[in-house]
Amino acid sequence: MNFVYERFLGGKNGALAIAILAILILVIFPLFLDAFRLNLVGKYLTFAFAAVSLVLLWGYGGILSLGQGVFFGLGGYAMAMFLKLEASDPESTKIQTTPGIPDFMDWNQLYELPWFWIPFESFTFTLLAIILVPSIFAFIIGYSMFKRRVGGVYFAIITQVIAVILTVLIVGQQGYTGGINGITDLKTLNGWDIRTDSAKLALYFINALLLLGVIMLSKFILTSKFGQLLLAMKDKEDRVRFSGYDVSNFKIFVFCVSAVIAAIGGAMFTLQVGFMSPSFVGIVPSIEMVIFAAVGGRMSLIGVVYGTLLVNFGKTGFSETFPELWLFLMGGLFIAVVMFFPNGLAGIWNKYAPKVPFLRPLVNSSTNAETKSAPAKIESESTIEPESTTEGAKS
Amino acid sequence: MTTTTDFLLAIEDLTVSFDGFKAVDSLTMYIDKNELRVVIGPNGAGKTTLLDLICGKTKSSSGSISFKNKEMTKMAEHEIVRAGIGRKFQTPSIYENLTVYQNLEVSYPEGRGVFGSLFFQTTDEVIKRVNEVAKEIQLENFLDTEAAILSHGQKQWLEIGMLLMQDPELLMLDEPVAGMSAKERDETAELLNRICENRSVIVIEHDMEFVKKIARKVTVLHQGKILAEGTMEKVQADEKVIEVYLGH
Ligand SMILES: Nc1ncnc2c1ncn2[C@@H]1O[C@H](COP(=O)(O)OP(=O)(O)OP(=O)(O)O)[C@@H](O)[C@H]1O
Ligand SMILES: [Mg+2]
C-alpha cells in the first residue's frame, strides 16, 4: 500500500493533487456541465493525454517531439477503423457497388477491403494495435535517431517531418484512409451506440479514469530511478553515459511510452467525438499539444491537464468570436509562457499558492515535484535512523 | 593483437588523428594495479584526448588499449564503464538539479538497464554506500542540498564521489583541483591518497605543488607523445622536460 502511495501517487502532495483533479473531472464537471459541454471537456481531456506524454518526454527527458499528433492519430485511426468496419455491415451499405466495405472505399472504386484493414474487424486486435502500433513506430524512429545520437532541434524537426509525411499520406490515399475528411459516421462499438447521451457520459468517465491511470503510471516512472536518470540525462548526458548507462535505450523507452499515452488519447477522442481526421495528426495539432504542456507546466503531470483545459476553453471561446485572431493569440501565449513562466501554471501555483494560508498544504515543495517526492530521500542526519525514511521503497 | 600482461591497463601504440593532426601519437604506457599515475604536459599536449580514448569518448585511429587483458577500443562507452573504468571530466560534470544524495544514488551501479531502473529499490545497502561516499568527499552534511548551489570545489568532489559509488578499478581524473582554493587542494590531495589505496588512479594535473603532494610516478606528455616518465625528481631534472614545460 505504502509503495503505491509513494510511487504511483507521489506521496502526500502528489496524492492530494491527484485527488483534487479526480474530484474536478469525475464529480464537479459531470454535475455542473450539460451533456454537450461535458462531451467537449471529454474531448479536451483526450488532448491532455498528449500533454502528459510530453511531460515525460520533453519535461523530464528533454526530448522535444513536435510530432505527438502522429501517435494521437495512430491511436485514433486504429479505433476509427474498427468502428468504421462495424458501421459498414453489408445490410447498411447495400446501396454501394461493393456492400460491406466502408463508404469512402466504395466512392474511390475499391472493390474489396484492403489487407491491412481486415484485422481491425477484431476488437481485441484493435485494442492491441492502439498500444503496439505506436510503440513499434516510436521504437523504429527512436532507435534510428537516438542510437545515432540525434537529438535536440534535429529530433524535433524530424518528428515534424514525420507528422507532415503521415498527413500527406492519409490525405493522398483517400481510398484507404478516408482522405482529408477522415473516417466519419462511426456508430456503434460492439453493438453499443456511442452517439447516445448515456454512451457519451459513460465514455467521458472511462476517458477520465484512463487519464488518471496514465498520470499515476507516469508518476511511477518519474519517481523511479528511471525518472532521476531522465533528469540527469537532460542536464549532463555524457556524465550519465560515462556512469555506465546506455543513454539511447532510456530515450527510446520514454519515447515509446509517450507514444502509447498519446495514442490512448487519440483512441478515446475517436470514441467520444465520433470521427478521426488528418487535422489531428499534422504539425498544427502537434504544436498545440506542446503548447498545452508548456502552459500547464512541462514538469507537472497534473499541471498539464489544467493547461490543456485552459487553452482549449480559451480556443473555443475565442474562435467563436474572433476566429482569425486565435492563432496569433496562441502563438503569443506560447512565447509569453516560455519567456516569463517556464514552469507554466504549475510554476505559478507553486510560487504564489504558498503565500495564501489555506492553500499552503496543497503546494509541492518544488517544481521538480515528481522526483523530489521520491522515497529515496534521506535527511542529512540519516546515519541516526535511515530505516524510517526508506519504508516507502521497501514495502 | 593485444599482448597479455600483468598490468591493469596496457596502452600500446595508440594513435588518434583529427584530420591528419595526431593529438595522441603512437603512445605506449602501462599502469599497474593500485598505481597512482600523474600525467602532466603543456596545454594541448593530448592529455584529455588520452582519457577520451581510454573511456571510449573518442575512437582511436590505431593501437590498442587493454584493460585487465581485455581490448577496450571497440567497446561502447557504457560497457567500458561497466568493465571498471571511471572518468571525471575536466569541468565538474554533475546533475545540477538533483540533490547531492540523488547525484550519488543515481550513480550506484545497479538498476542500469531501463527496466532495472524502473524497479530499482533504495535498499539500506544503497543508503549506507551513499553515506560512506558522502563522508569520504566531505559532503555528508549537504545530502539534501541541490548540487547547483555547491561551491566549485564541492562540485569537483561530488563528481569524484559519483565515481566512487561505482567502485571502479581504474579512476581517471582530469584536472581535479582546477579552480580550487589552497585549502581545498590540500583536502583533495588527501582524498586522492586515500582513494588510491585499492584501485589505480590516473590524474591529469597542471598544478606542480599539487602534483608533488600526490605523485609517485609521473608521465610527461608533449605533442601526443611521451617525453619522459619516472619519479617527480627524475622528471624535473630531465632537460627535455625543462625545455618544453617546466622551464617557463
Ligand atoms: N575532437 C577533436 N577534433 C580536433 N582536434 C581535437 C579534438 N580534440 C582535441 N583536439 C586537439 O588535440 C590537441 C590535444 O587536446 P587535449 O584537449 O587533449 O589537450 P590537453 O593536454 O588536455 O590540454 P589542456 O591542458 O589545455 O587541457 C589540441 O590541439 C586540440 O585542439
Ligand atoms: Mg585537457
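A Cβ is built for glycine as well, from the same backbone N, Cα and C atoms used for every other residue.
Marked as compositional bias 'Low complexity' by TrEMBL: A:381-395.
Annotated region 'Disordered' per TrEMBL: A:366-395, in sequence order.
As annotated by TrEMBL, transmembrane segment applies to A:15-33 (among others).
Under 8 Å from some Cβ of the transmembrane segment (A:45-74) lie the Cβ atoms of residues 25, 130, 133-134, 137-138, 151-152, 155-157, 159-160, 162-163, 166, 170, 207-208, 210-211, 214-215, 218, 221-222, 227, 230-231, 233-234, 250-251, 254-255, 257-266, 268-269, 272, 276, 278, 280-283, 285-290, 292-293, 296-301, 304-305, 307-309, 312, 370, all in the same chain and six or more residues away from its ends. The transmembrane segment feature in TrEMBL is assigned to A:45-74 (among others).
Annotation comment: TrEMBL describes A:115-141 (among others) as transmembrane segment.
What TrEMBL records for A:153-172 (among others) is transmembrane segment.
Residues or ranges marked as transmembrane segment in TrEMBL: A:201-222 (among others).
Annotation source TrEMBL lists transmembrane segment at A:243-269 (among others).
Sequence-distant contacts of the transmembrane segment (A:289-313) (same chain, six or more residues past either end, CB-CB distance under 8 Å): 17-18, 21, 25, 41, 44-45, 47-48, 50-52, 54-55, 58-60, 64, 66, 68-69, 72, 211, 215, 218-219, 222, 262, 330, 333-334, 337-338, 343-347, 349, 367-370. Marked as transmembrane segment by TrEMBL: A:289-313 (among others).
Marked as transmembrane segment by TrEMBL: A:325-349 (among others). Only residues 6 or more beyond the boundaries of the transmembrane segment (A:325-349), in the same chain, are considered here, and those with a CB under 8 A from a CB of the stretch are 288, 291, 293-300, 302-304, 306-307, 310-311, 314-315, 318-319, 363, 367.
The transmembrane segment (A:15-33) shares the most Cβ pairs under 8 Å with A:201-222, out of the stretches A:153-172, A:201-222, A:243-269.
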